[in-house]
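> Reproduced below are the annotations present in TrEMBL:
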| type | residues | note |
| --- | --- | --- |
| DOMAIN | 20-451 | domain 'Major facilitator superfamily (MFS) profile' |
| TRANSMEM | 21-45 | transmembrane segment |
| TRANSMEM | 61-81 | transmembrane segment |
| TRANSMEM | 88-106 | transmembrane segment |
| TRANSMEM | 112-139 | transmembrane segment |
| TRANSMEM | 146-165 | transmembrane segment |
| TRANSMEM | 177-196 | transmembrane segment |
| REGION | 206-236 | region 'Disordered' |
| COMPBIAS | 212-221 | compositional bias 'Basic and acidic residues' |
| COMPBIAS | 224-236 | compositional bias 'Polar residues' |
| TRANSMEM | 266-287 | transmembrane segment |
| TRANSMEM | 299-319 | transmembrane segment |
| TRANSMEM | 331-351 | transmembrane segment |
| TRANSMEM | 357-379 | transmembrane segment |
| TRANSMEM | 391-410 | transmembrane segment |
| TRANSMEM | 422-445 | transmembrane segment |
Amino acid sequence: MSQEGAAARGAAKSQDEGWAWMVLLAAVLLQGLTLGFPSCIGVFFTDLQHEFQASNSETSWFPSIMVAVLHGGGPLCSVLVKRFGCRFAVMLGGLLSGVGMVSSSFCKSISQLYLTAGLITGLGSCFSFQAGVTVLGYYFVRWRTLANAMASTGVSLGFTLWPLLSQYLLDEMGWRNTFLIFGGILLNCCVCGAIMRPVQLASGSPLQSPKPAEEPGKRAEGAQLSNGASSPHPELQQQTRRTACFQMLQKYLAFDIFCQNKGYQIHTIGVTWMMMGFALPHVYLVPYAIQNGVEERRAALLISIIGFINIFIRPLTGLLSGHRVFTGRRIYLFSLAVLLCGLSNFICVISAEFSVLIIYCVILSIAMSGIGALTFQVLMDVVEMDRFSSALGLFTILESITLLIGPPLTGLLVDVTSDFHYVFYNSSFFLISAALFMGLSFFALEKKTKLKEASKVPLDNPSRYQYNEMPTEPQSESQSPPAVMYITSI
């Protein structure tokens with residue numbers, strides 16, 4: 001046995017032991033602080049409306065911006081992680097989140113909240129969350145799947161605790177002081193980042209993110225200078241810059257996969273359309289309950305019920321979908337979960353009694369667990385893993401756009417009609433239509449593939465035309481994990 005092999009095995013072993021579990025605990029807390037945080041914004045919806053004399057549409061822009069930036073900032077976080085490392089990105093994100101909420105407590109208009117709580121806090125949450133998930137890939141090799149599953153429970157804990165804490169603080173000291181306290185709480189992301197120290201390689205040097213490859217433009221300039229040219233030709237310089245820009249887009253936003261891979265195309269379009277209605281209940285459920293006579297504390301409890309049930313249902317859904325019986329059928333499970341989520345909204349239309357709303361939250365939570373557990377698993381099934389990061393980059397950018405515009409457009413409809421029922425009508429329309437689109441499209445794609453196979457027509461590249469399960473086996477211990485992954489959660 002070579003010394004290098006023994007050292008490599010020793011390094012891999014240490015990654016799954018000792019301090020790695022402290023990092024996992026920090027990741028659980030981190031996900032609760034970041035992804036779970038937007039769940040409490042609905043508690044402040046009515047107070048912010050009264051404070052700034054804002055409409056439903058104007059008020060809903062601020063949580064929409066926060067969630068959209070949190071999901072869509074993946075490529076920017078990737079650049080930051082590759083340049084400075086995960087630890088720095090997590091701590092910077094915690095600092096931005098804290099500063100954003102502290103600044104929000106001094107805002108004099110709703111538009112200022114768009115910048116402070118929406119953009120700054122959302123961007124900080126994105127940095128902390130995505131860099132925190134990425135570092136788990138370095139600390140865990142053998143137990144990586146388990147570590148990611150355990151870390152995702154932090155989201156459900158955040159969904160459970162943030163609304164309860166928000167309502168208590170709001171009743172005791174008002175929204176401005178509550179936002180000030182939230183700024184201090186979110187600074188704990190910096191503590192989580194400090195725990196995530198660099199992993200030691202077999203050689204003993206700390207694991208650093210690989211440096212970005214030298215841009216083609218710079219290589220071309222260097223070649224010209226080495227040949228005695230005093231300065232690069234303007235046309236050549238412009239061409240190399242275009243090439244570098246194109247390669248950057250290919251690396252982080254996989255437009256080529258979108259154009260060629262039908263499975264990825266269907267899933268991306270379906271989820272992007274689904275997000276127009278997915279976030280609406282989270283934003284408007286609490287104000288809808290309050291408007292219909294439910295006490296504020298009990299209304300805030302509704303969001304906590306959704307989070308509490310998610311703690312138990314989401315891991316079970318992940319285990320169930322991973323069974324070999326569902327191999328090749330996960331897209332249909334996902335479509336079924338989206339369909340159930342859309343149909344559940346009609347419960348709110350029937351009645352706004354607290355007991356009925358609890359039933360709604362239970363059914364919605366079960367459907368959400370399926371969506372959260374399967375969204376990125378389906379994406380892994382239809383895209384080769386060596387292109388997964390870039391495919392996920394485009395995926396999150398597109399879904400963040402609809403997450404941004406969905407609540408404000410629905411809020412405008414509510415302002416015009418003065419009827420909160422349109423929130424749930426809209427949500428059901430987007431969710432049900434997305435579920436039918438994805439399920440039927442994949443069924444047609446699968447049927448078309450079988451007909452081609454039956455007629456013995458060879459395909460140049462099957463992954464471009466059909467829904468294929470791509471292998472998602474864990475990497476060997478001798479292989480290092482990807483430097484950067486865009487990871488989001490629903």
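Any Cβ shown, glycine's included, is placed from N, Cα and C.
Relative to the rest of the structure, where do these features sit?
The list of residues near the transmembrane segment (112-139) in space but at least 6 beyond its ends in sequence, with Cβ under 8 angstroms from a Cβ of it, reads 15-16, 19-20, 23-24, 26-27, 30-31, 33-35, 37, 48, 61-74, 76-78, 80-81, 86-87, 89-90, 92-101, 103-104, 147-148, 151, 179, 186, 189, 192-193, 196, 199, 207, 480-482, 484-488.
Counting only same-chain residues 6+ beyond the ends of the transmembrane segment (146-165), those with a CB under 8 A from a CB of the stretch are 20, 24, 27-37, 39-40, 42-43, 132-133, 136, 139-140, 286, 300-301, 303-304, 306-308, 310-311, 314-315, 318, 372, 489.
Within the chain carrying the transmembrane segment (177-196), a Cβ under 8 angstroms from the stretch's Cβ atoms is held by residues 22-23, 26-27, 29-30, 33-34, 37, 44, 86-91, 93-95, 97-105, 117, 121, 124-125, 128, 131-132, 135, 166, 169-170, all 6 or more beyond its ends.
When Cβ-Cβ distances below 8 Å are used as the criterion, the transmembrane segment (422-445) is approached by residues 262-263, 266-267, 269-271, 273-278, 280-281, 284, 288, 331-332, 334-336, 338-339, 341-343, 345-346, 348-349, 406, 410, 413-414, 465-467 of the same chain, each at least six residues removed from its ends.
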> For the transmembrane segment (331-351), could you work out the same-chain residues 6 or more beyond its ends whose Cβ comes under 8 Å from its Cβ atoms?
267, 274, 277-278, 281, 285, 288, 321, 357, 359-360, 363-364, 366-371, 374-375, 378, 381, 421, 424-425, 427-432, 434-436, 438-439, 442-443, 467
> Which one, 21-45, 88-106, 266-287, 299-319, 357-379, has the most C-beta pairs under 8 Å toward the transmembrane segment (61-81)?
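Answer, by Cβ pair count: 21-45.
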> Over the domain 'Major facilitator superfamily (MFS) profile' (20-451), work out the mean pLDDT and round it to an integer.
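It averages 83.
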